[in-house]
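A quick write-up on the structure given underneath.
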Amino acid sequence: RMFHDDELEESEKFYVGQPRVLLLIYALYNTLVARSEMVCYFVIILNHMVSASMITLVLPILIFLWAMLSVPRPSKRFWMTAIVYTEVTIVIKYFFQFGFFPWNKYVDYTKDKPYHPPNIIGIEKKEGYVHYDLVQLLALFFHRSILKCHGLWDEDEKGDSSSNKEDTDDELSVTGGRRDSSASLKSVNLAASVESIHVHFPEQQTAIRRKSSSSVSQLSHRSSFSSHRSKRVFVFYHASYSVVKSHYGLCCFRTLQVYVPIRQFFYNLIHPDYSAVTDVYVLMFLADTVDFIIIVFGFWAFGKHSAAADITSSLSEDQVPEAFLVMVLIQFGTMVVDRALYLKKTVMGKVIFQVILVFGIHFWMFFILPGVTERKFSHNTVAQLWYFVKCVYFGLSAYQIRCGYPTRVLGNFLTKSYNYVNLFLFQGFRLVPFLTELRAVMDWVWTDTTLSLSSWICVEDIYAHIFILKCWRESEKRYPQPRGQKKKKVVKYGMGGMIIVLLICIVWFPLLFMSLIKSVAGITNKPLDVSITITLGGYQPIFTMSAQQSQLKDLNQTGFNAFLASYRGNTGALQFLEGYGKEDITLADLEGNSNSLWTISPPSREKMIQGLLDFSAEFTVVLSWSIQSSGLCNCIICLHIYPPVTTLEPCSQRPTALKSHNNNIKVYPYYIKAPSDSLAKPIKQLLTDCRWENITVSLVKNVSDEGVREWWVLNQLGKRYKTSEESLELFIFSDKVSPPSLGFLAGYGIMGLYASVVLVIGKFVREFFSGISHSIMFEELPNVDRILKLCTDIFLVRETGELELEEDLYAKLIFLYRSPETMIKWTREK
């Protein structure tokens, strides 16, 4: 009890006795303090996502190319740069809020223009222009206070003062010829005037030691040789005071003041003395995958005039949107390049790729995309989400660069453990089309090996198969089955029952899908236009009329109930009406007077009269209707032959409109079914004794000073809603249609789904059940540890460059699979 302290013990007891909510708050605060730099990064990125201007673009780029690449943490110089830059940004934004600037007089007109200069720069006048900047400044000061509390704020200054005579960030190395000796351009007073700048060449080689950015760091210092190698950045054959004093020399010197520290920073990053090797490629791949999913389901946010587009509807129409294609190819290309860099383990390539990607993504997202979409980045939610996930990727990439790539890449990341989670995830990974094949080919291309592509794929397939067997063997060890004991009902009904239900669902999927797609998720397909045309014989139509908008009426609940009550006792009618609701029935009210004059020629008129007077001949009355709904035109022409009508000659003739005597024709259907995928048909179940309704046909003749005009008038006799005017009623029963997202699948029909889905799946299921006997030798392996170790050894010797040994081990693996006796010996239980 040498280090026992009563106060600390009492404090611990007091802390443990606090409520859970308070303990959670303490834990969250401690997490916030421990990751205060991440809070600053998040606020800076959030500020840029909301502002999306050049003035806020600087700090995110500095985060990914400076702060996150600093070892082991960002220096005081970065945090001072961020704080000062934020303060200057606030002052600049405040200054340009005054109304005397010309662009502030038309704010409402220019606020949504992406290429308006003040909007691009970030000095536009708007409400809450400085809120996020103040939060950003508050986060930076909070992190500054945390560093001061831990004594890390002035650490860099102490390091500089202690090693000022040995090393500075602005040293210029001097070498001559091919000598390994180096000399530093010392004692350059950057704060002095041009005249006081002097150059000093030390005669003796000194061992330069890399500054440690943390006094508590356990990282080793740079050796003398690597120090001189990293400091040999420029060669000066002639250095004189007069050259530096000249204007050209001054420009070069100022350029070197900026260039040399940047080059030295990246050089030290690529050639470190130490390497805390890590592997975050999986997380980077997941971030890229999330971005890929965002592109697929939100591709309209990256194109012009496509805000209402749907990827499923576009692909179903055999159209590939350009924005979708470009984004997918770019995203996929970056994933392939990232995989190549990971396999080659080249930090320099990763640094170059990081710089290009950071500048390229920011330039495209904030300067090109607003012009393509014609809306500001801050108004594009999908693009903001894509950029935020990409920032997560940038952070992971910076962490990978800072720590260095792993020296060994062995197998799939999902094969590190042998449990059900890894097993199912690995099998799901292998089910993704072309992903396994693409990964295997890329690994073969960018990995040093002596194996051919077919041999490489063979090893990968054996390893995947052995890993799956290893997972099953481990599960059998965790949940052993006693010998001679029957299988438990939980296992039989759990696994077997699930397979039975799955197979039944596959077999009856088309019927269930086509039945439920319209009844459960169907959309009412209201008619937009209803047209009627009547023709006598083969002559010019005598009647044409259309019903639109207000003439198409919906039934209310009272009218629908009355409609059902009128068919009480009619089994066929009630069975038909079960599939429709009041929203599916539309009443079309058509005007009785034809909307076109009857302009038949006198010879045709005379011939038609003769045909009507011929009692031995049949005369055809043609009634056709057209129902247009949701862009679909459903029409049918019905032909009905009746005994000839005695006369259809109009009465003679007064200046006003006169009607002839009425002639009844039993030809009107009254009830029409409008399916979504076929022609409209009359509903015979709703007709009385399956007989169609009667209509009266009259010819009206009008004689006036303008001449003689004739038209036909129709009137329905048995109307439900009786009116005194001549009119026609038509009930349209509209079938529900599938939603647009599933319309392409419903379009195949029942037989199409059986042919394209059920039979294909059935083929794979049959191969699984009928091909088991051929794989017994490779499936029933009691112990696969030695084979798994052999595959791992092949991966290991390949990574270490022992390519001859790789060939030997591969030959041993092939021989093992060719020799059943050897396989039995290798897979026996220990």
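From the backbone N, Cα and C atoms, a Cβ is placed for every residue, glycine too.
As recorded in TrEMBL:
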TRANSMEM  21-44  transmembrane segment
DOMAIN    34-154  domain 'Piezo transmembrane helical unit'
TRANSMEM  50-71  transmembrane segment
REGION    155-180  region 'Disordered'
DOMAIN    278-515  domain 'Piezo THU9 and anchor'
TRANSMEM  280-303  transmembrane segment
TRANSMEM  323-342  transmembrane segment
TRANSMEM  351-373  transmembrane segment
TRANSMEM  385-405  transmembrane segment
TRANSMEM  417-433  transmembrane segment
TRANSMEM  453-472  transmembrane segment
TRANSMEM  493-517  transmembrane segment
DOMAIN    553-829  domain 'Piezo non-specific cation channel cap'
TRANSMEM  742-765  transmembrane segment
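Counting only same-chain residues 6+ beyond the ends of the transmembrane segment (453-472), those with a CB under 8 A from a CB of the stretch are 411-412, 415, 418-420, 422-423, 426-427, 430, 440-441, 443-444, 778-779, 781, 784-785, 787-788, 791, 794, 810, 813-814, 817. For the transmembrane segment (385-405), the partner stretch with the most Cβ pairs below 8 Å, chosen from 50-71, 323-342, 351-373, 417-433, is 50-71. Sequence-distant contacts of the transmembrane segment (323-342) (same chain, at least 6 residues past either end, Cβ-Cβ under 8 Å): 281, 284-285, 288, 291-292, 295-296, 299-300, 302-304, 306, 311, 314, 349-350, 353, 357, 372, 405, 409, 439, 442, 445-446.
With a cut-off of 8 Å between Cβ atoms, the residues of this chain six or more beyond the transmembrane segment (280-303) that come close are 309, 311, 321-324, 326-328, 331-332, 334-335, 338, 342, 369, 372-373, 380-383, 385-386, 389-390, 392-393, 396-397, 399-400, 413. Residue counts for the domain 'Piezo transmembrane helical unit' (34-154) by DSSP state, with H, G and I taken as helix and E and B as strand, are 83 helix, 0 strand, 38 coil.
Along the domain 'Piezo THU9 and anchor' (278-515), the predicted structure has mean pLDDT 86.
Tertiary proximity for the transmembrane segment (417-433) is limited to same-chain residues at least six positions away from its ends with a CB under 8 Å from its CB atoms, namely 464, 467-468, 470-472, 474-475.
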